[in-house]
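Have a look at the structure below, then the notes.
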Amino acid sequence: MINIGLSGSTGKMGKTILARIDKFKDCKISAKFNSTDDLDDLNNFCKNSDVIIDFSTPEILEKLINYALKHNTKLVIGTTGLQPKHFKLLEKAAKTLPILYSANMSTGANLLSYLAKKATKILDDYDIEILETHHRNKKDSPSGTAIMLAETIAREKGLNIVFNRGNRPRSEKEIGISSLRGGNVHSIHEISLLGDDEIITLKHEALNKNSFVIGAIKSAIWLQDKSPALYSMQDIYNYSLQKQL
């Protein structure tokens, strides 16, 4: 039985994990942590966990990593809004611990990333723009998923990522991200490839949070026998594909 520590247990994602965990017979929630707890409580939290799923806030990440290193506790990080300093901490810790980070753990969003990478190879002379839509209370903008998608495409094509274009014209070597906030929208991401004569749009819409938490729990299980490294959801899919071949 895998003991999973849940960081961010009182948030929307945490509550959904608690509601879905019984569907998985080989793991259980062994410890919980939320933003009202004392940060030093992370010591026992990590001690009582084989792996931690973190859907909390960037502010606790450094202490969470420190205690995870102390107790050799694996990490699945789904918290968004991380800054470059946080990724440096993850990269350093991943030399000692297996860590999986993803801004979006749903199968559909990661398939969208894969398809976008393939499409931009074929449609080499098309302009690329990303539009993301979320509920009115989402704190970070653009979304972590939009940044993930943009970075995947930018690496493939050597583009610059632009968040706020303002009143200047679009340059040739850029990919733009635009954000909408309103209503109770869970998550919509659209990648538009715009040519002179046609437009192709790739779209993923999450109807609820179930796909995110199922991906997170599966990631925690997958991470159990892995060596120290910083993994992504693509590593899980690549590993599964290799086993099938």
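Numbering starts at 1 and runs along the chain as displayed.
Including glycine, each Cβ sits where the backbone N, Cα and C put it.
Listed features, source Swiss-Prot:
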{"type": "BINDING", "residues": "G8, S9, T10, G11, K12, M13, G78, T79, T80, S102, A103, N104, M105", "note": "NAD(+) binding site"}
{"type": "ACT_SITE", "residues": "H134", "note": "active site, proton donor/acceptor"}
{"type": "BINDING", "residues": "H135, G144, T145", "note": "(S)-2,3,4,5-tetrahydrodipicolinate binding site"}
{"type": "ACT_SITE", "residues": "K138", "note": "active site, proton donor"}
Cα distance (Å, whole number) from the residue listed as 'active site, proton donor' to K12 (NAD(+) binding site): 11
Structural state of T10 (NAD(+) binding site), classified by DSSP into three states: coil
T80 (NAD(+) binding site) versus recorded positions H134, K138, G144 - nearest by Cα: G144
The residue listed as 'active site, proton donor/acceptor': secondary structure state under DSSP, collapsed to three categories: strand
Integer Cα-Cα distance in angstrom, H135 ((S)-2,3,4,5-tetrahydrodipicolinate binding site) to G8 (NAD(+) binding site): 19
Using Cα positions only, nearest of the recorded positions to G144 ((S)-2,3,4,5-tetrahydrodipicolinate binding site) (G8, A103, M105, K138): A103
Candidates H134, K138, T145 (recorded positions) - the one closest to A103 (NAD(+) binding site) by CA: T145
T10 (NAD(+) binding site) versus recorded positions H134, K138, T145 - nearest by Cα: K138
(S)-2,3,4,5-tetrahydrodipicolinate site, defined by H135, G144, T145: further same-chain residues with Cβ within 8 Å of the Cβ centre: T80, A103, N104, E132, H134, K138, D140, S143, A146, S187
M105 (NAD(+) binding site) versus the residue listed as 'active site, proton donor/acceptor' - Cα distance in angstrom: 16
